[in-house]
């Protein structure tokens, strides 16, 4: 597993690459209904990597803001989606909600595993 610093760097680089590619191909993404939905999904990936970046940044600075990182990451992703098409905003929000649910479920399972290991030792 990558450390907080390297994960933060990788997620920032991935955010930059995804955002750049989305802006380069925004005309193509707005050209049809299917590509518009794809544009919303790509924006939700921006949400995911930005949330990873902000979470790792908070961990390295030893601070906790709770839902603040989620709101900031979602706002940035929705603004990026709005540069492609209006429908991308809605699909980005829906895909981001699904990704956040799955991420919460995954982290909860990992946390319960680590707590059960700590109790055994």
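Each residue, glycine too, has its Cβ placed from N, Cα and C.
Annotations in TrEMBL come from automatic prediction, not curation.
Outside the transmembrane segment (6-22) by six or more residues, the chain places 29, 39, 42-43, 45-46, 49-50, 52-53, 56-57, 60, 80, 83-84 with a CB less than 8 A from a CB of the stretch. The annotation transmembrane segment is assigned in TrEMBL to 6-22 (among others).
For 34-55 (among others), the entry in TrEMBL reads transmembrane segment.
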Under an 8 Å Cβ to Cβ limit, what residues of the same chain, 6 or more beyond the ends of the transmembrane segment (34-55), are close to it?
7-8, 11-12, 14-15, 18-19, 21-22, 26, 28, 69-70, 72-74, 76-78, 80-81, 84-85, 87-96, 98-100, 103
